[in-house]
Structures are given as C-alpha cells and as structure tokens.
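Quick paste from TrEMBL:
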| type | residues | note |
| --- | --- | --- |
| COMPBIAS | 237-250 | compositional bias 'Polar residues' |
| DOMAIN | 28-464 | domain 'Major facilitator superfamily (MFS) profile' |
| REGION | 232-252 | region 'Disordered' |
| TRANSMEM | 67-89 | transmembrane segment |
| TRANSMEM | 101-119 | transmembrane segment |
| TRANSMEM | 125-146 | transmembrane segment |
| TRANSMEM | 158-180 | transmembrane segment |
| TRANSMEM | 200-224 | transmembrane segment |
| TRANSMEM | 305-323 | transmembrane segment |
| TRANSMEM | 335-354 | transmembrane segment |
| TRANSMEM | 366-387 | transmembrane segment |
| TRANSMEM | 408-430 | transmembrane segment |
| TRANSMEM | 436-459 | transmembrane segment |
Amino acid sequence: MSHQVDEETPLLRPEEQHKIKTPLPWRQFSIILFLQLAEPVSAQAIAPFAPQLIRDLGVTHGDESRVGYFVGIMYSVFYVAQALTTLQWNRLSDHVGRKPVILTGLFGISVSMFLFGLSKTFGGLILSRVLCGALNGNGGVIRSMMIDVTDSSNMAQALGFLPIPWMTGSTLGPLIGGSLSHPADRFPRLFGQSTFLKTYPYFLACAGPALFTAFMWLVMYMLLQETFVHTKPPQPDGSNSDTVQGSPDDSQPLPVSALMTPRVLIAMSNHATLALLDIALRTLIPVFYSTPVNMGGLGLDPPRIGNILAVFGIANGLFQVFFFARLHDRFGTKLVYTCGVASSVPTIIAFPIINMLSRTYGIDATVWFAVGLQLTMSIALNMCYSCGSMYIAAASPNRASLGATNGVAHTVAACVRIIGPASAMSMFSFSVRDPYYAWAVYYFMMMLGLLAIGVSFLLPRQMWTRGN
C-alpha cells in the first residue's frame, strides 16, 4: 500500500516512517544537552542588570534615553566577534572534531564572564563581550554534534528536547544575575563588609555563570566522547541514508562555495530573519521593563526583571517539551515555523498597550496580566529554532559538511544579531527622547516580524530529501 505524504508529515524523510525509530544514545545525548546550558545561563545572567550597569558606569551622563543605546552596543559587539569567527570554528570541527572546539568555547565563556564582572569601564565590558564572541562558536558545533548522534528516525525526537537546557538556562540566568547583583546591599549580613563586592557589585552575578561553565568544561573533558567520524565510506544504496542529502563522496567536507545551494540559502535566510527578530525582541524586553513609566516603560528593578524572565523561561521550556512534538506531528514543520514567527506581531503590539495600562492604572493586576499574556504569546517564536535546525540539516549537501553548513547559517545569524540589538535599542532611545515618535521602535519591530513571515513562505511544504 502506498503511503500518503503531505506537509503534516513530521519526519525529515517520509519514506523512513516505515523504519523502527532508533533509540537515542542517552548517555552522550544528555551531556550534549547539558553543554547547551552555558550560553543561555551566561547571556541571560547579565540581562536583568545590564541597564542599571550602564547607568552605574556613567557613560550616559544621566541621560536615561541613551541607556538602551549603550546596552544595544554591548550586546552587538558579541555578535560582531562571533560573526567573524563562527564559520571558522564550525569548519574546524569538520576536520579536528567537535570536542576540542566546544572545549575552547566553554573556556572563552568562563574567562569572559569573570572579566565582565570585573569591568569598571564601558571599554572593559566591550572587551569581555568581544572575547566571549570570538572564542565561542559552540552554537552550530553543538547542533552538529546532536545531529551526529541521531539519524532521520529520531532527529525530531532529539530536537524536541532542545528547549530543556534553554528553559533551564533562561530560568537560572536571570535569577543569578538579578539576585546576586549588588550583593553587599541586598545581603548585608553576608556581604555587607566586603569592600571587593562593593567595588565590583556585579562580580558575583558574573562569577556564578563563569564557575558553572568551568564545571561544564570538566564534565565534557572527562565524559563526552567525540561524535565526528573523519572517514566514512559512502553508502552502497539509499536504504540507510542520513537525514541530509547525499553527495558523490559523503566522507569529504565541501568548500564553502559548494555549500551555497538554493536549499542552504533558503534555510539560511530563514535562520537569519528569525535570529534578527528574536534578538531584537529579547533585547528590548528587559530595557522596556527597566525604563520609567513616564518614558514608555514599566520602571521595574533588576530583581523583579530577573524573576519575570525566569518565570518566562520555565513556561517557555515546559511548553516546548510537552507541546512542540505534538504540534510538529500534527501540523508539520513549515506551518509550525510560520505560525511561530507570526506570533511576534501581537507580542510587539502588546508593548505600547502595557505602557498605557501602567500609566492609567499603575503597576497593578491588569498590567501583570498583560505582561504575562505578552510573554505567553512570544513562546511560539521559540519553536522556530527546532524547525529551523531540521531545515538546515536537510539542506546540508553531505554529512561531512554538516558543521560547515551550520557554521554558515550561524555566521549569517551572528551578522544580523549585530544589527538587531543596536538597531532596536537605537530606535527605542529615539522613541524615548521624542514623544512624537514614541511608537517608532514598535513600527521597526513590526517590520522585522513581517520580514520573517515573508521569508518563511520560501520554505518547502515537505522537507527536502536526498535526490529530490
């Protein structure tokens, strides 16, 4: 009997549905998931106190409208450094293996977080973020490692677990950053006599993620096995083929020019527009929360911002774990992706509504309900990353070039992430300075959302397959 395949087919290769699903290698796979905690913990730890840190450094000279501008620069330089190096790290992983590249990245995160906590000038913050971005090509390499240990029968299952470390990291990071900033003031009995912590009030908030990342380095060094096989004979037939497309020689990495196929370009464009929209939105949220109500925000302090982001991280992760696979199986990769980016539209519209409610009623239950509703709507956007990973894997010309393909996609994403925070924060500062253009930042964000929606229509209804 023939098997009907349509856009709701969940797996990358519809003909593989007749196969028995390969069990996940849980020992290795759990370590890979654990490694992904490093990036969200370190990135989210600085989010609650970043606006206050900029104020404390005095670079704005008391001009509240410029806080968002400097926060945007601080975030963007990380992606400048990452854009210049991530392709090289991912290509290197196709030659020397994934493990040494990831170890280098974890080392870079740990050292840079210590430096961030010790910085007393804006230049010091920039240097630490550049170091972190330059040494950290882990995003694409870890995804390549995840694909290395899976096949077409269990990849969707594996990607369904991807939100777990991001949920955990997005919860722990804000809690650490929000709770441990200014510890001498917040915990006077424990740290009130510490001259060091009074001089460096954000060191403890940065040292936590730094030490945690150092622990992850030890775990990986001792327990994780290399997943990349340098020499792999070509398959004699298509019965045991990988998720990704075949090539005349699956064992040899291809040059970058050979990766620029229409499939890779489409997958890369969607990953880039998603990254641009997401980073702009995630950068805007804490700055909006910290900006005074009369200037268009909510006027919340870092601990409360950290708690909000932590609760969002838990809710987001739980939703992805329990509902992503079901929605993917029911509606298919493309529809889930397109609806995910479309959720950005009501999320963006909620910003000015929340501010108007806070001006009218103060920070009461109505405002908190609106904040919760906004964050709930934005959860759908995070499903797009798992869908995008499937498209990138399917677009790779061969298995041996998977690291390079991920590297190209993450390089482009890093480039747009340079633009995202700086442009969004510049527009926010412009909106704060001139009440006549108070909504300019939201028009700009809406343009990013519509761009991502439009590019998503280039994705195929059915996943790319070998020889097709």
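Using N, Cα and C of the backbone, Cβ positions are placed for all residues, glycine too.
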Can you give me the average pLDDT across the domain 'Major facilitator superfamily (MFS) profile' (28-464), rounded to a whole number?
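Computed over the domain 'Major facilitator superfamily (MFS) profile' (28-464), the mean pLDDT is 85 on the 0 to 100 scale.
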How about the transmembrane segment (335-354) and the transmembrane segment (436-459): do they have 3 or more C-beta pairs under 8 A, pairs 6 or more apart in sequence?
yes
Using a threshold of three or more Cβ pairs below 8 Å, and leaving out pairs closer than 6 in sequence, do the transmembrane segment (158-180) and the transmembrane segment (408-430) count as in contact?
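Touching, no - the transmembrane segment (408-430) and the transmembrane segment (158-180) miss the threshold of 3 or more Cβ pairs under 8 Å.
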Go through 101-119, 158-180, 200-224, 305-323, 436-459 and flag the stretch with the largest number of C-beta pairs under 8 Å relative to the transmembrane segment (67-89).
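Looking only at 101-119, 158-180, 200-224, 305-323, 436-459, the most contacts with the transmembrane segment (67-89) come from 101-119.
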Of the listed stretches (101-119, 158-180, 200-224), which one yields the highest count of Cβ-Cβ distances below 8 Å with the transmembrane segment (305-323)?
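Stretch with maximum Cβ contacts: 158-180.
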Sequence-remote contacts (6 or more beyond its ends) of the transmembrane segment (366-387), Cβ cut-off under 8 Å?
159-160, 162-163, 166, 274, 277-278, 281, 298, 308, 312, 315-316, 319-320, 324, 327-328, 333-334, 336-337, 339-341, 343-344, 346-347, 350-351, 353-354, 357-358
What same-chain residues lie close to the transmembrane segment (101-119): Cβ under 8 Å, and 6 or more beyond its ends?
35, 38-39, 42, 45-46, 89-90, 92-93, 125, 127-129, 131-132, 134-138, 141-142, 145, 200, 202-207, 209-211, 213-214, 216-217, 220-221
